[in-house]
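Trainee: Before I ask anything, here is the structure I am working with.
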Amino acid sequence: MSDYHNATTEQWLQWDKDHIWHPYSSMLNPVEMIPVVSAKGVRLTLADGTELIDGMSSWWSAIHGYNHPALNAAATAQLSDMSHVMFGGITHPAAATLGKRLVDLTPAALTKVFISDSGSVAVEVAIKMALQYWYSIGKQHKTRLLALRNGYHGDTFGAMATCDPVTGMHHLFNKVLPSHIFVESPRTAFGDTASDADMAAITTALKEHHQELAAVIVEPIVQGAGGMKFYSGDYLRRLRALCDEYDVLLIHDEIATGFGRTGKLFACEHAEISPDIMCLGKALTGGYLSLAATLCSDRIAEGICNGEAGVFMHGPTFMGNPLACSIANASIDLLLASDWQANIQRIESILREELSHAAPLSSVANVRCLGAIGVIELKDNVDMTSIQARFIDKGIWMRPFGKLVYTMPPYIIGDQDLTQLCRSIVAAVAEEE
Ligand SMILES: *Cc1c(COP(=O)(O)O)cnc(C)c1O
């Protein structure tokens, strides 16, 4: 029998290698995992005591850094009341408060909230809301979705079907994935007026397919895991108008962009529009626990609830988890109590200044920044093993994918740490040439 609780680092790393799937990983040819034993502020501490500055916010989520006293206090207080109770037939102050706050923070049209466990589920819920809405009002033929190429909306089947068909490897699951309609992602840059070509592509698709379309789903302003692309708010605004014109719902997946990352509390504010349905996740709990929310308008809620089922057909076991909701409330308090807009601008200007030094490198195709997001796009795919080792060597945690070396640091990162993070990123990219 193994002594599970006194395992050496070598032992538990071996157990990990032998038995544990990691995101998008091979069990036959596993890459070396970095053993992290604690984290505080913007630093991850490895098993050997090495500290790394975190450039990833654990995939957009840990906006206040790790081990934050206010979030810890919220968790502890909620634990002593209850960590969980079922949500069917029961409610509690943490979820009710969170729902009210999300409604108050998001565009006025969004009034009803479905709280779920993860971003992918929030997207499933959004899709199901759209489909059940049309079914309920007698338009059963509106069942397809329109999505953008280079999009990413999650890994469950409904969400996966709306991800970029190529990078999402739809061909592996062709027989079971619903077939949706894809439009080229807009090329118009953030801040520019949408080009005729971009508008023509989306307009044509809507014109052709609106009768079978339930909804358009997009990540507003920033396409995240599908390519870290930033695009025009004007495009988003005109897409809203097109959806109205063709009677198609608009779903905004703000799971990555929500809670200030792009410089606005929600990315749809760059376009001054509201979707019919909005998905939130990732930074919702400040990176403490998995929690997500899907908000919708009165129109959707009324359509669904006046329909055949009379209820919305979804209800996860851990729906409205009190522990996660309490931490989410504390995380929102922290964010709103800070001068977060000025802070995101501070981060943006340092990212712009420091990462611009990568632009002249021959391996670099493009450098772009928006809010607290910095992207170095390379001409070729990174050599993951080699560049990862360089990052660790320089004392930073980064997780590039494909041609993209990108950072979205915790908002609490100081000027000095951020500068060091950026200089280390640029140095590692330069050394890889
Ligand atoms: C991460 C992400 C998701 C999926 O969220 P999970 O919590 O990983 O299921 C969906 N949409 C976007 C835009 C995301 O960035």
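Even glycines carry a Cβ here, placed using N, Cα and C.
All annotation found in TrEMBL is predicted automatically rather than curated by experts.
Annotation source TrEMBL lists substrate binding site at W59, Y152, K282, G315, R399. The pyridoxal 5'-phosphate binding site feature in TrEMBL is assigned to G119, S120, D253, P316, T317. Residues annotated as N6-(pyridoxal phosphate)lysine in TrEMBL: K282.
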Trainee: For ligand 1, pick out the binding-site residues G119, S120, D253, G315, P316, R399 that have a CB under 6 angstroms away from one of its atoms.
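Mentor: Result: G119, S120, D253.
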Trainee: Under 8 Å between C-beta atoms and at least six apart in sequence, can you list the same-chain neighbours of K282 (substrate binding site), or say none if there are none?
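Mentor: In sequence order, W59, W60, S61, G119, I255, A256, G258, F259 meet the Cβ cut-off.
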Trainee: Among the binding-site residues listed here (Y152, G315, R399), which has the Cα closest to the Cα of D253 (pyridoxal 5'-phosphate binding site)?
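Mentor: Closest candidate to D253 (pyridoxal 5'-phosphate binding site), judged by Cα separation, is Y152.
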Trainee: How far apart, in angstrom, are the most distant Cα atoms among the substrate-binding residues W59, Y152, K282, G315, R399?
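Mentor: Between the most distant Cα atoms of the substrate site, 34 Å.
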Trainee: List only the single closest residue to Y152 (substrate binding site), chosen from the binding-site residues S120, P316, T317 by CA-CA distance.
Mentor: S120
Trainee: Of these binding-site residues, S120, T317, which scores lowest on Cβ atoms within 10 Å?
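Mentor: Counting other Cβ atoms within 10 Å of each of the binding-site residues S120, T317, the minimum falls on T317.
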Trainee: Which of these binding-site residues is closest to R399 (substrate binding site) if you go by CA atoms: S120, P316, T317?
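Mentor: That would be S120, nearest by Cα distance.
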Trainee: Mind checking which of G119, G315 has the fewest other CB atoms within 10 A of its CB? They're the binding-site residues.
Mentor: G315
